[in-house]
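This report refers to the structure that appears directly beneath it.
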Amino acid sequence: MTSEAAPASTAVTYKRVMLKISGEALMGDQGYGLHPPTVQRIAREVQAVHRLGVEICMVIGGGNIFRGLQGSAQGMERTTADYMGMLATVMNALAMQAALESLGIFTRVISAIPMDQVCEPYIRRRAVRHLEKKRVCIFAAGTGNPYFTTDTAATLRANEMACQAIFKGTKVDGVYDKDPRKFADARRYETVSYDECLQKHLGVMDASAIALARDNDLPIIVFSLDEPGGFCGILRGEGTYTRVQG
């Protein structure tokens, strides 16, 4: 493993950011579970940003393993289903930690549900100190409470960590007025307001997450995680994306 901090090589727009990705982003074309080459590819995208000197927080969903709402829809008690989903996010966080550390990036998995033999408990001041030491912090187990999504967890942790923006990595290069994979005339927004996202149900994040970002003036940058170098490029003022703001 290499040194914990990487010197900044060029000017960047943000000093500290939250990267939110879905669990499905880790499964590649398999349809379920973890696809190690895909996890490694995403880790390399994070590595490129880390080399710029940016402090990185991450939240990863668990839908590639288990989704609480799905379990609830099939008759499982909602609270139990949500806790199972939270545990799935811990598995994904550990996989990403392993990939990042194989690239020489010191990484901490920090869980909202204590499991001391597996990862650290969430203590805000300790997490901030990790970031200051240029360690990547992956926040797992959502908020630790049922009925809250990992989108809401990402927005909550981004606010607590004083991140300057949330980067939402998706399958498309921004927010569209309709699904660009189904409609050739779909229009991409350069910028869009929090309220318009809520009113038009644009699917950026769930309503609670968008409202929390709006109330704290935290911009959301929606970009394609499949675009090589996309995450790093946006931080250098390049690339295609949508900015959600007030």
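Here the Cβ of each residue, glycine as well, is placed from N, Cα and C on the backbone.
Per Swiss-Prot, these features apply:
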- Lys20, Ile21, Ser22, Gly23, Gly63, Arg67, Thr170, Tyr176, Asp179: ATP binding site (BINDING)
- Gly62, Asp82, Thr143, Gly144, Asn145, Pro146, Tyr147, Phe148, Thr149, Thr150: UMP binding site (BINDING)
- 28-33: region 'Involved in allosteric activation by GTP' (REGION)
Message = So among Lys20, Ser22, Gly63, Thr170, Asp179, all listed as binding-site residues, which is physically nearest to Tyr147 (UMP binding site)? Use the C-alpha atoms.
response = Gly63
Request  = For the binding-site residues Ser22, Thr143, Asn145, Thr170, work out the Cβ neighbour count at 10 Å and name the residue with the minimum.
outcome  = Asn145
Ask   = How many whole Å apart are the CA atoms of Gly62 (UMP binding site) and Ser22 (ATP binding site)?
value = 7
Binding-site residues compared (Gly62, Gly63) - highest count of Cβ atoms within 10 Å = Gly62
Task = Using the structure shown, find which entry in Lys20, Tyr147, Thr149 (the binding-site residues) has the sparsest Cβ neighbourhood within 10 Å.
result = Tyr147
Ask   = When you look at Lys20, Ile21, Ser22, Gly23, Gly63, Arg67, Thr170, Tyr176, Asp179, which the record names as binding ATP, what is the longest CA to CA distance in angstrom?
value = 25
Task = Across the whole of the region 'Involved in allosteric activation by GTP' (28-33), what does the mean pLDDT come to? Round it, please.
result = 89
Ask   = How far is it from Thr149 (UMP binding site) to Gly63 (ATP binding site), counting Cα to Cα, in Å?
value = 11
